[in-house]
Amino acid sequence: MTISTGTAPETRSFEADVARLLHMMVHSVYSDKDVFLRELISNAADACEKLRYELLSDPALAGDDGQPRITVTIDPDARQLIVEDNGIGMSEVELAEALGTIARSGTRAFMERVTAAKEGNREGEGAQLIGQFGVGFYSAFMVADKVDVFSRRAGADTAAHWASEGLGSYTIQLVDPAEGPARGTRIILHLKDDAKSYTEQFTTQRIITAQSGHVPVPIFLKEKPDAEEKQIADGAALWTRPKSDITAEEYTDFYRSAAGQFDEPALTLHYRAEGLHEYSVLAFLPSTRPFDLFDPDRAGRMKLYVRRVFITDEAQILPRYLRFVRGLVDSNDLPLNVSREMIQESPVLSAIQKGVANRILSELDKLAEKDSEAYRKFWDDFGAVLKEGLYEDFARRETLLGLARFKTTAGGEDWRSLKDYVEAIKDNQTAIYYATGTDLDRLSSSPQLEGFRARGIEVLLLTDQVDSFWVTAGVDYQGKPFKSVTQGLADLSLIPLADGEAPATQASAEVDGFIAYVKDVLGEEVSDVRASERLTESAVCLVAPDNAMDRQLEKLLAGAGRLDNAAKPVLEINPRHELIVRLGTLPQDSSLREDAARLLLDEARIADGELPADPRAFSARLARMIGGAIQ
Ligand code: ADP
Ligand code: MG
């Protein structure tokens, strides 16, 4: 890329997404504009942290200005607000890339959410989304109708100037280095008329200390260009202060500026690990779901510091299933000159990874014990993510099973734990039964549950995608395996019916004969046809053969194109059902018999949310049946 030098700035168009985003910033996100300051300061602080990291290997970059700082200057006469840092800076190429193109995964999602919020008359949400989606810089255009950026990369002897009015284009040019900062970035906002209040010293100072008082770089404020600057935030690392000195508000402010969240943390965890390895942890559980919970690219990033120097947010400190946790770890004993790549190999990092994950799980356990309401809320938000650990983290499976909560046939609206389940288990019941599906209501009324319900056997109702995976991963709880109600034989004969009735007696010879006939007619379409233990009200249902995959998992995999041949289901027939008893009495040569046999299979398919195998033949049979009934 070449950049024009000298007098003529080069004009370039923003990428289409940037232009749309800017339009949105200006027109949709109109409440809570103060966040632009938080975004610019957080970028400035990031730039200082990046420089700090580069200084480790190239101390000469510091020149004679080694102390990182952010300076905010107010110019009421020119109606400007200037945010300047002496961080890493941007070369002209970086400037054009960072502020002209967006390849960030969250952008489009952000715009969709803002549009949705707008349509739902929830405009205020838009501003809250900005930080989360990493579209921070452009929020400057909420308050400015023109933005100038002068930047000089550490160690470079050129400076560049970027300018835009936030419409379709920006200009960029190399400038005399004396026009830019000696190192770092200066951002000049030409404030809109309705954003004049940011030139009031008191207003701006209040916003900065509230939103950004805990960024790890000191902040200075000048109330006019030639005024004396005063320090308004000390840049001390909050996590190094003793817990007893830190107020809840300080924690919340820190959480918000560090995690780009706008909620209150649901849980704050601040401790210092001592012993073999020394490190501090400051971690937060959000009280609302971050938008990118299921976006693997942006999955939870705990920051890693070494003696207060930010090293990386890609050290994967926490397992994937804890990606909703926000915060940082500051290690005392990782070597400072370790490269980001080498860190992954370090035994110190593995010790930290292990320690922090264990601690978070034990805090969750405590929360469940102490405050079931808060835990319930936590589980609503993040249970589906935590359950991924049940098949990803074998070593912590016991712990995770203990933390897991379920909707069950016995719990109604409440979450039940496996401990609750096992305490209520029936005599002779050897397994923990579950049903998987996508919809709780449909699931709880599925015919496969009838025999369990009639015996008072609790069934877990699993509706998250991940459920189909962990239940089939050979998990057990207190020696009880998990067993699907739609898979294999339901051996319920040893457990009496709840209303005291003895289990039904043998089916009549006629019914047995009819079932054998159905099996004959359906042939290869099913893997078996048999009398059912699990049905009490419905006439038929489909289940998976004994050693086959659960039907729900099979459907999921087939839907994802990851299954070549699905197992044929077993058709179970309720020999006590009135319809079946009467079908048993049909004469052998009745023309109704074959139609009935095939309709029973289609009925079971439909109850499972599937289509009949041959919809036209199905309609024809149904028409014949209805016709016969009318005569
Ligand atoms: P994010 O901070 O999430 O990356 P932003 O829109 O806030 O998104 O910033 C876009 C990019 O612009 C940053 O990633 C960074 O590369 C660059 N940038 C913005 N402000 C500065 C600054 N003060 N110093 C150096 N680079 C900056
Ligand atoms: Mg940013």
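Indices start at 1 and increase along the chain as displayed.
Backbone N, Cα and C define each Cβ position, glycine as well.
According to TrEMBL, the protein carries these features:
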- 1-340: region 'A' (REGION)
- 32-195: domain 'Histidine kinase/HSP90-like ATPase' (DOMAIN)
- GLU39, ASN43, ASP85, MET90, SER105, GLY106, GLN132, PHE133, GLY134, VAL135, GLY136, PHE137, THR185, ARG340: ATP binding site (BINDING)
- 556-631: region 'C' (REGION)
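Neighbours of GLY136 (ATP binding site), defined as other CB atoms within 10 A of its CB across all chains, total 20. GLU39 (ATP binding site) is surrounded by 24 other CB atoms, counting those within 10 A of its CB over all protein chains shown. Take the CB of THR185 (ATP binding site) and look out to 10 A: across all protein chains shown you find 26 other CB atoms.
In this structure, GLY136 are the binding-site residues from ASP85, GLY136, THR185 whose C-beta falls under 6 Å of some atom of ligand 2.
Secondary structure of the region 'C' (556-631) per DSSP, as helix, strand and coil residue counts: 43 helix, 4 strand, 29 coil.
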